[in-house]
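Database features, via TrEMBL:
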| type | residues | note |
| --- | --- | --- |
| BINDING | 11, 12, 13, 14, 15, 16, 17, 18 | ATP binding site |
| DOMAIN | 9-194 | domain 'Thymidylate kinase-like' |
Ligand code: TMP
């Protein structure tokens with residue numbers, strides 16, 4: 001199957017990953033590259049509803065239920081949006097994907113990685129990003145950047161966010177070719193240049209004109 005390219009953005013709260021995903025999306029669109037941007041969880045009707053439950057600070061959710069809700073939203077996103085876009089040879093930019101589940105549910109909540117991996121594969125039909133940009137930042141700095149009232153996950157204590165950050169960095173060490181770690185302390189324009197430095201060669205290699 002002749003597929004498009006999947007680029008995911010990852011990072012803890014306030015890392016700036018969404019800004020970077022949006023900057024890349026607009027840049028590629030301006031250059032005439034066929035590109036779509038989705039957020040996980042979300043970007044489908046059912047996914048957005050599941051997202052609202054997951055982020056509601058008034059709702060208590062146990063770790064396994066949380067895992068299944070994230071994966072239910074992802075399953076819908078993969079089948080109804082990501083795979084069709086890849087089949088159309090689009091560049092698919094994802095604001096979070098599987099690595100979030102390993103960082104937040106496996107490392108953060110302590111769920112067993114192997115089981116998470118098995119269920120995640122079912123939810124994603126085993127598709128994986130070609131490239132992942134991890135915007136790394138110290139949790140206290142990241143959380144300080146958030147101006148809205150904290151959602152259910154943002155409201156977790158610093159120790160939780162620290163575990164998530166360490167989880168991400170461990171994932172990056174295990175998958176050096178796929179996951180590129182950027183310093184979220186840098187100005188967004190500088191980070192955008194670094195993102196393009198990783199994305200452009202990949203797209204050229206896949207036959208996109210830039
Ligand atoms: P965001 O759109 O601000 O990144 O919000 C999504 C939240 O959900 C964020 O706190 C990270 C969390 N999350 C998980 O815990 N597991 C997952 O698999 C995903 C995709 C997100």
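Glycine is no exception: its Cβ is also placed from the backbone N, Cα and C atoms.
Predicted automatically and left uncurated, TrEMBL annotations should be read as such.
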Other than its own, how many Cβ atoms are within 10 Å of the Cβ belonging to residue 18 (ATP binding site)?
16
If H, G and I count as helix, E and B as strand, and all else as coil, what does DSSP give for residue 16 (ATP binding site)?
coil
Would you report the average pLDDT that the model assigns to the domain 'Thymidylate kinase-like' (9-194)?
98
For the recorded ATP site formed by 11, 12, 13, 14, 15, 16, 17, 18, which further same-chain residues have Cβ atoms within 8 Å of the site's Cβ center?
135, 137, 142, 184
Enumerate same-chain residues with a sequence separation of six or more from residue 11 (ATP binding site) and a Cβ-Cβ distance below 8 A; give 'none' if the list is empty.
17, 134, 135, 136, 137, 142, 168, 184
For residue 17 (ATP binding site), what is the tally of other C-beta atoms lying within 10 angstroms of its C-beta?
25
